[in-house]
Amino acid sequence: MTLDLSKPATAGYLSGFANEFATEALPGALPHGRNSPQRAPYGLYAEQLSGTAFTAPRGHNRRSWLYRIRPAAVHRPFEPFTGPQRLVSEFGDSADVPPTPPNQLRWDPLPMPVEPTDFVEGLVTMAGNGSAAAMNGCAIHLYAANRSMQDRFFYSADGELLIVPQQGRLFIATEFGRLDVEPFEIAVIPRGVRFSVALPDGDARGYICENFGALLRLPDLGPIGSNGLANPRDFLTPQAAYEDREGAFELVAKLNGRLWRADIGHSPFDVVAWHGNYAPYKYDLRLFNTIGSISFDHPDPSIFLVLQSQSDTPGVDAIDFVIFPPRWLAAEDTFRPPWFHRNVASEFMGLVHGAYDAKAEGFVPGGASLHNCMSGHGPDADTFEKASASDTTKPHKVDATMAFMFETRTLIRPTRYALDTAQLQPDYFECWQGIRKHFNPEQP
């Protein structure tokens with residue numbers, strides 16, 4: 001049996017966010033009533049994968065038990081990866097991380113590679129903060145690839161990977177089963193989980209937030225109530241599926257921002273059954289239940305929060321993943337686009353599809369922008385003039401769009417690559433220079 005990534009998956013998914021799942025690809029493969037029997041069914045090995053400390057409170061404790069053909073320890077020693085090394089995980093001053101300018105920054109899309117390039121080879125770090133070694137902060141990567149991973153498997157020991165495809169579907173095989181992910185969906189691969197990516201559409205491009213800190217979770221809803229935003233039932237986790245395949249394969253590991261490779265003589269997708277609450281998942285952003293004002297004013301963008309990584313300060317997240325999906329705007333006597341803003345947090349934005357309602361030009365699908373702590377930003381001149389003159393007695397639908405934001409409590413530091421790349425737009429600041437003075441002290 002193999003996980004055939006040449007065609008779409010046929011198996012269904014398990015529904016729910018961080019549930020205690022139990023799934024088996026062969027009947028009776030899950031031990032009954034215990035985790036580590038003296039002899040596991042079918043001659044399998046029992047292995048625990050821990051995503052949190054053993055002593056984490058039960059409501060926050062994340063782990064899974066895997067029943068596999070060979071333990072994860074079975075591979076040759078690691079050595080430095082000889083392919084592209086464009087990843088950064090430490091965001092203090094260094095050759096890879098120059099001083100962070102206070103300028104507003106914006107980039108054109110990462111170009112598709114000319115040479116054959118798989119998902120691992122196509123990764124490049126644009127920005128980040130904190131430290132993978134200290135397990136705090138994040139790294140923001142882009143990927144651009146044009147071939148499937150062939151007999152190569154990958155995992156990150158540095159953090160969980162929040163993957164946002166912008167172009168091209170991803171068929172992702174993992175130790176836990178398979179995820180098929182398309183633009184408008186996201187996938188989260190937990191720290192340490194081995195996976196491989198096939199590209200059924202050829203070219204693929206997208207964004208990744210690698211979370212070094214506390215695991216992503218659904219936000220509390222407060223006075224919104226018991227439903228709304230991203231609903232737990234819409235998060236999908238793979239059912240167990242395995243392959244028993246031997247050969248000359250390569251295992252690539254990311255540790256402290258560096259890539260390492262090891263020879264492995266079998267496929268690590270040999271998990272026949274598993275149970276637990278630490279597993280990959282995907283979510284369709286089109287299912288997000290958008291909340292907004294039906295009287296006046298534009299609420300804070302926290303109403304668009306999909307997932308959060310909490311910090312040690314109550315109410316202050318280390319990372320927020322926010323989206324700006326299609327939605328109705330109905331507020332009267334209100335400037336409806338996102339307002340002008342300076343933020344104590346830092347904001348890295350991307351665009352999956354369409355146009356962002358605060359920027360009429362220049363911010364295109366696959367592109368990105370960075371507005372760091374206290375850098376002024378907001379709608380461009382054309383957007384401001386149009387929105388200031390629009391008829392707000394009638395509702396308006398923002399349609400055919402999907403923008404998102406990685407917002408962090410600490411400064412997002414662009415890498416040397418991000419500041420030197422030809423995709424950096426040198427004239428981004430010009431979008432605000434046409435904003436006119438309207439002040440008239442004689443006319444309130």
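Backbone N, Cα and C define each Cβ position, glycine as well.
For the Fe cation site, Swiss-Prot lists Glu347, His377; matching the candidates His341, His353 against that entry yields His341. Around His377 (Fe cation binding site), a 10 Å sphere centred on its CB holds 21 further CB atoms from the protein chains shown. Residues Pro338, Arg342, Asn343, His371, Ser375, Gly376, Gly378 surround the recorded Fe cation site, their Cβ atoms falling within 8 Å of the Cβ centroid of His341, Glu347, His377, which are themselves excluded. Between the CA atoms of His298 (active site, proton acceptor) and Glu347 (Fe cation binding site) there is a gap of 18 Å, rounded to the nearest whole number. When the Cα atoms are compared, His341 (Fe cation binding site) and Tyr356 (homogentisate binding site) turn out to be 16 Å apart. Using a 10 Å Cβ-Cβ cutoff, His298 (active site, proton acceptor) registers 16 neighbours. With a 10 A radius on its CB, Glu347 (Fe cation binding site) counts 21 other CB atoms from all the protein chains. The binding-site residues under consideration are His341, Tyr356. Their Cβ neighbour counts within 10 Å are lowest for His341.
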